[in-house]
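Database features, via TrEMBL:
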| type | residues | note |
| --- | --- | --- |
| TRANSMEM | 12-33 | transmembrane segment |
| TRANSMEM | 53-72 | transmembrane segment |
| TRANSMEM | 93-110 | transmembrane segment |
| TRANSMEM | 116-138 | transmembrane segment |
| TRANSMEM | 150-172 | transmembrane segment |
| TRANSMEM | 184-206 | transmembrane segment |
Amino acid sequence: KLKTPWKSIWTSMPFYALMVAHCGQNWGFWTLMTEMPSYMKQILEVDIKANGAMSALPYLAMYVLGFPFGFMSDYALKKKWVSTSGARKISNTIGYWGPAFALIGLSYVPGGNVTLAVVLLTAVVGLNAGQYTGYLLVHIDMAPNFAGTMMGITNTFANIISIISPLVAGLILQDETDPSQWRLVFYVSSAVYFATNLFFIIFGSCERQAWNELKESEESTEKKAEKVV
């Protein structure tokens with residue numbers, strides 16, 4: 001059994017970049033997940049039956065878009081158009097900065113313009129599919145022997161963020177019928193998407209980390225020594 005290199009993980013900047021990316025995605029995703037029905041009811045004035053269908057549409061788009069993201073990423077890697085790092089960061093950028101810009105656009109949609117708002121909401125959530133071929137795969141790229149451990153850590157912090165983000169939105173939305181308050185909620189989420197992906201681009205890495213193999217090598221050496229004895 002490999003010994004988890006806790007010190008190496010917790011002192012790894014690429015690991016922190018991965019954690020920041022995971023937290024950023026959860027902030028935007030869960031803000032929309034929890035607040036979208038209220039936005040549709042209070043601002044778009046969509047009735048409850050239509051609200052359910054329209055609220056589900058963006059998540060259906062996210063599911064569907066996961067397939068072309070995967071295909072295009074694999075195809076680009078197979079053709080050697082981009083490096084693994086390039087493929088991951090391009091996917092992640094589409095999945096973060098796409099929603100960031102769409103949220104800014106959504107902030108200025110006139111009340112009652114349901115079609116445009118739903119199109120933008122669908123883009124915001126749907127483009128999150130970029131995470132599937134983005135930061136999520138980097139756990140495996142960096143350290144396949146400890147990908148599960150890293151995912152457990154980053155997911156723990158990201159889930160804490162998924163609790164905090166709706167609370168922040170609730171503090172901002174003192175009056176859910178006020179478009180300016182919704183605009184601030186969207187601005188905050190947009191800023192989080194942009195900043196966390198930028199951090200990931202700068203400090204993230206898809207290179208296999210030395211500590212992924214270190215303990216494995218040590219263990220092999222120890223076993224060989226035992227056999228000699």
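Cβ from N, Cα, C; glycine included.
The stretch in closest packing with the transmembrane segment (93-110), judged by the count of Cβ pairs under 8 Å and taken from 116-138, 150-172, 184-206, is 116-138. With a threshold of 8 Å between CB atoms, the same-chain residues lying at least 6 positions outside the transmembrane segment (116-138) that come near it are 14, 18, 21-22, 25, 28-29, 32, 36, 40, 43-44, 54, 57-59, 61-66, 69-70, 73, 87-89, 91-96, 98-99, 102-103, 105-106, 109, 200, 204-206.
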